[in-house]
Amino acid sequence: MTDLEIETVSRVSSNPDEVKGSSVVEEEPDSESTIKSRVSDEIDEHDSIPEQSNTEKSIEINDKNLEAEKDIESNLSLRPPEDDLDSRSIESEQTGTLSKQTTSTSEAPQDLKIWKNISNASNQNSGKLNPQLFVIEAFKHMSKAKATKRHKKLREAINNVQIELQKQPFLLPEVILEPLVMACQTNSTTLLTITLDCFAKLIDYNYFDSPTLNPSDITLMERVVNTIASCFCGESTPERVQLQIVKALLAAITSERTIIRHSFLLTAVRQTYNIFLLCKDSTTQAIAQVALLQMVDSVFQRLSTVLNHEREFSTINMNKSSSNGTPDRANSPIPSQLSENKLTLESFEHRKSFDQVREEAPLEEDSLEQQLLRDAFLLIRALCKLSIKNIPYEHEYDLKSQSMRSKLMSLHLIYHILRTYMNILSDINVKIRSPTSTPTPLIDAVKQYICLALAKNVVSHVLPVFEISCEIFWLILSELKNFFKSELEVFFTEIFFPILEMRTSSNQQKIVLLNIFHRMCEEPQTLIELYLNYDCISGNTENIYERAIVTLSRIASQSTSDPPPSFVFRDDQLVIDKPGFVYHTLNDIPQLNSSTIGSYVHSHNPPYFDYQIRLKSYRCLISTLSSLFTWCNQTFAPTVEITAKDDETESTSKGEEPQKSKSEPPSAGINSTSMDNLESSGQALATDDPSQFENLKHRKKQLQEAIQKFNYKPKEGIKILLSSHFIASKTPTDIAKFLISTEGLDKAVLGEYLGEGNDENIAIMHSFVDHMSFNDIPFVNALRSFLQKFRLPGEAQKIDRFMLKFAEKYIDDNLGVFKNADTAYILAYSIIMLNTDLHSPQVKNRMTCQDFIKNNRGVDDGANLSDSFLTEVYEEIQKNEIVLKDEQDPTSNFPEIPGTSNLSFAANISNALATVGRDLQREAYYMASNKMANKTEALFKDLIREQRERGKLSGNDIYYTARHFEHVCPMFEAVWMPILAAFSEPLQLSSDPALIQLSLDGFRLAMNVIFFFSMDLPRNAFMQTLTKFTHLNNTSELKWTNMHALKTLLEISLAHGDKLRDSWKDVLLCISQLERVQLISAGVDINSLPDVSTTKPLRKSLDKNIRQSRSGSISLKHSKSFQSASTHSTKSSSVEIVREYSSREVVMAVDMLFSNTRNLGSEGIYDFVKALIEVSWEEIECSLELSNPRLFSLQKLVEISYYNMRRIRMEWSSIWSLLGTYFTQVSCHENSIIASFALDSLRQFSMQFLEIEELSHFKFQKDFLQPFSHAMENSQDLKIKDLVLRCIDQMIKARYQNIRSGWRTIFHILAYASKIENLLVLQCAISVVSSLGHEHISCVLTQGAYIDLISCITKFAKLNGNQKFCLSCVDMLKNLEHELIKHLKHMKKESVYSKKLEEEYWLPFLLSFNEIICEASDLEVRSKALKVLFDCLYRHADDFDEEFWETVSNKALLSIFSILSITNSQRLYLAKNTEETEVWMLTTMVEALKAFIELIKNLFERLHFLLPKALNLLEKCICQENSMISKVGLSCFSQFVLKNKNQFKDVDWDEIINSINQLLQMTLPIELRDPSLYPQVNSDSSLEDVKENSFRPHEISRFNSQSVFKSKKHHLKSIVVKCTLQLLMLNCLWELFHSDNMLTNIPKRKMVKLLDILKQSWEFAESFNSDFEIRAKILSSGIVEHMPNLLSQEALCAKLYFYTAFECMSSLKSDSHDTEEYNDLMDVFQKKIYLASQLVLHGFQRVIGDNPVKGVAAFQPVIAALVSYINSLDEIQFSRGKSEFYQLLCAIVACGHIDQQLGTSLSNAFLRYAC
């Protein structure tokens, strides 16, 4: 039928023959009685659900309209469907007179006015027109009919009307209606045809549009509808009459001036529906089908028009109200009132009629909108109940049957309503109101019926039913998911997932369902919200999103037979590209008449159906990834701008007010004890905060893991649940509450845990049972319910404990049922045994009912239970085994398939033979689908009851709307592993191009999401998998799949380089293998190209800055698929594939990959370089044994260095930290080819890099040239060292002007080269240094490399064996002085000069000479350096301030003499060559000492502050064991004092005298008095005894060993050295004091201190000489040959003392003799002289007794000098000590031993006294 024919149904010609002639097929009908019974059930509500509520009482109301009212109001309380079982049928026989109707459903006058206004606005030409012409004609034909003549009343009524029509043009509708009604009560086909046609035309002209005066009466139109409907009498009704009935009813329902509602509307729809089903003519069926569609559209279009009108009207009123400042709240119900008036079952029980409710209800309850809403509700409910009619198994595939056509028609109408009028259903403000309950949205009122309709039909194996049911589900999922949150979970988990996973479901079902999943995957919003509302919500909710992806991945991974490459699908064979399998479009309802519907009977299986299903699954996965990435790139409004109103519309499923305002904090945190607290707060997650949802997901995962642990080890699982706060506390109550309310627990494990015999488990079990309720439940049902909570363990003691507690609980809940708990216990135990006996396959002789009764005799406290009760129990157990639902046989409890009932053994054999031609898969699915449907229906009932009990809105009912892209990250992390497995399978096993392309597309899309969120673990897994499938390690097995994988890998790498991170290693390793394949294809021997991925040499570790551990990668198992697949390709094709790897496209892609590194970010280029370094090192390591090692990646490193050289310094420094380290390592490689290549590449790169200007104080060049330095220091190959120097030389010559910080590295390299003992390398280094010294010194100075230059030249100046070059280096330094002066002058001009800066230049310069002086091997070089140094100091003495001179003296001068600070033994240990050290000390050091002292001596006025340092240095020299050094030191000391005696100040003299004191103390042999060095000697022994025994061996034996003796011998030698130094020092002082005017320059007070110093040495010598015991010990020790003495020191000290004292006294002559100072000094000197005279006299007397000859010879000059000094005193001085001197002279004479000189002196003295 064409669209034009459908649109003109309401205008069918009045001649029924015209329509009759268009009939297409006329079938043989069933018997009339059968059809009537079937039709009467089509809309009968009593058969909707086969159960009836036990709690609701039936309400007897005769009025059919009130029954419809009750149907609506009963649904407002959201009762489950079983509570509506007693409602009256919307289909009833219209018997009796219409006047007896007590209640009217006509519209109120005000509503009629509104509707007329609306109708007039839409149709200005509508209204009452004069129908005289066709009425007269109709009545004329009626009067001529034969039937009219047989009915007197009818004939009279017709005649009356004809007469009245002749009198007046217009008659009242009641007048015309009466004969028409009478005509319809006849059985005349002619009369019925004419009458119905007349009705239709009158309705078109709105003739019956007359409101009744009494609102309780029915309208004329309603009477007309009843009359028209009564004309249909089943299939026996003539087809012409049926067509006219359809036309008339359609005109009535679609009338724009009147509204047919409630039972009258349903009556019209019912009769049209019956005609559609029962009519034999296919054309009439088609017309009836279109009429039904237009009736439905009329109802909802009228409702839509009224809703739009009222919204506009309310908007105007709101604007007026807001302008007046007073909002209109009259129509807003008070919440407290609404809660009080909530409709309940009890209110129905006490309600007498709806009249009182109507009278008390507000006026708005009777509004037109509410009336139309009730019509819509009743219509949808009726269609839903029609769709769930059960169809016998054998008739399910007969699509032409009336029951199947009825089901399909109802489903299509439901789909049409949902699709077309979704705006009405999805509007939460469209609410059905009731005076006794809160307003209920229309969608909530019809939701339960739609769900039940889907549950019954979506499991159907009849494909048209299944597909239209899936389409309805899709509309709900896409548009109404916020209203069906809990219901959608049931559909997914109980129906759709099982269908996809079942083997018995057909491929057609799977492809239809995959189409729905594909649409779901294409909508990002739907996917995200599925994840938020199911996967992230804790509790028992299924992970819908995750399971959907896992299921799709599993289907995609299934093995199928792929079509051969030559196979091409026709359009009708490729079903995956079509929107539906049966219905290619659902924009219009398909023709369901009996002639056309047969085309759906034979479902076809297109070729390679499994393959197409697999393709569809891949498309679903790809759509999922595409949707996720699309969602990532969307822009969302800021969450903070969401208002409370937004939350109301976007965060809740039922339009309720949010439970908390935004200012209030959530009631519970994520980590609280129970997650229900968080979800029960409607506002807690209203804004879908990603972090909170991530925590929720984590929390749910924790719960699932804990449950899994419980199912494995229950006690450990309980511990985890407690620690994670899923169980509030350790109390048995809390644990039992969790166990009984949590799904997913293994019931067998739970039974074992609860049955444990310890006290804790028993307490938990008791609490577990106490949480159950058995109130008013039969005993067997209670026991069955009890045993559904867990699996009863097999141990008898455990069973006993369970039964005891059950009996106790049952008796508590049902007092009086049994006499005591023992009865319940015994009976329960008996039933358990009976259940086992009747249903265990091991039991052969089963218990009979009499046996069971006998076993239970006297169990009720001695009394018997009734036999009927026990028989009922037995039969119940026999029919229905007590078994866990999860373990129940899926074939049980379902309608038996015909021919499969329990038969005998022989009959079963016959049936087995009979199944040969049966569809066993279909039968298995039929049983499984029935189970799914029943279970789903039960879940919906429980769900609705639960919602009613806990309130309309709870935490789990809140529907969260996605607003954040951050949700995508955890979504992908939850499913990436099955997705990866699915996409890997075709690449691994398939050769089908479509599958491979889909897989690679999946990889691309997955990587988009991965890179967007920078997920490490998935990235590594996907990239490693993709690189693995390039299969480049085996060129003989390459396939086109591998080529495509490589191209995809390159595309991903080019597009997402910044995000690859560690995966760059896999990509670059693959490119390295690609280069190997290209070389092989070019003819290179494969043996000379080792594969990096397969060769595993002994790896050398990279530097830790380069190498990082890579964790989290997933290694995929190697499969033999490549080997098996390779057998299908010929050798020629393999060669062709290998050549393709060298194609221009691949080569350009690889080149672009490296050239595009300049576009990578800072982190991206860092990761790229790091990975390329690792690959390069692996290439090198795997090809060490080859003559030409692989250097591909090393070359690429140089390339990318060129590309990225111009990056900002921060990025380049990061890159070079890797490159520099790697080039440093490679340049020292043991393979010279590799090292040379690295250095040469680095040289070329350096030439480019040095072109870039470097600013001051940066060190990029220094770091860049560091690999050269490392190669010079660490390479063992002299050729590499020579290459380094040549590279440096070339860089200097070409880029010296641009070198800044690089000079430091260059000079460091050259300095190190000076240590190499190779002539060629040394000559090259010398050449470079010479060139620098003569050509580029000024450039180096300006570039800040001055110190490094000096250090370099200094090291070359110290070379051994090349005197000429070393002298030239000293000259370079000398010339550098002039350049330095110029540079400093330039700095002064540039205003960057400072004194400190100048000194920073001078000090390194001076220190370089110090280094040469101390370390140069050639004496002439050292001497020249020494001369240049001191010449420079003389020239610039005035330029240096005192502080800098201090620095110079300490670091550049005094450090030369640092060797003097160590002992001889240390010197011998430290010096490499003792002889050279001695020579250096006697030559260079002595020369340096003289130069230093000479410097201070000549510049003393400028350098007087260095006097203490100079004296300290001289002290060290004088105290050396080397006599030459000591003498030089004494000479320098003497000359220094003499030279500057006139410039010394008092403080200087203090330093000098202190120095003299220090020298005398240091050279004083105090060790002579250490008794531990010598053996004990008897004090009574004479000198002769000592001499006699001094060399006896046995006297020496007291020493412990010869080594001890040698040690003491050496110690004595040091004592002798001290004695010698003491004499030298005294002689030096003697000569110094005898110099001209020496003593006169020393202050007299200082001389007193000097005398005390001299006397200390004198007294020590005198004391030693007087100690015979010590001297004897020394002699007896054998370490000396003669008796030791210190006569020379004693005599010289005495002589020097007297000379000094008398000279000081003599110098006082010129002073004033009267001054006090003079007298004090004279007294001091005289006293000292007198005491000293006594000391010398005592010594003279001692030597006369000990050794007269030698002693007298030593003391006589001293005595003579003393007497001579006395004689030299002037008279005043002589007279002051005259008496003391006289006594001294007398004592001398008394001693005797007076020689001529002494005698002469004494004579002169006495003569002076005589005078």
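Even glycines carry a Cβ here, placed using N, Cα and C.
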Which candidate, of S353, S954, S1111, Swiss-Prot gives the annotation phosphoserine: S353
Residue from T8, T742, T1474 to which Swiss-Prot assigns phosphothreonine: T742
Motif 'HUS box' range according to Swiss-Prot, out of 533-537, 1313-1317, 1718-1722: 533-537
Record feature phosphothreonine (Swiss-Prot), assigned residue among T326, T438: T326
Per Swiss-Prot, the candidate from S332, S434 carrying the annotation phosphoserine: S332
Distance [Cα-Cα, Å, rounded] between D812 (Mg(2+) binding site) and T742 (phosphothreonine): 25
The one of S741, T742 whose CB sees the fewest other CB atoms within 10 Å, among these modified residues: S741
Surrounding CB atoms that lie within 10 Å of the CB of D812 (Mg(2+) binding site), all protein chains: 12
Integer mean pLDDT for the region 'HDS1 domain' (889-1103): 77
Assigned element (helix, strand, coil) containing D812 (Mg(2+) binding site), judged by DSSP: helix
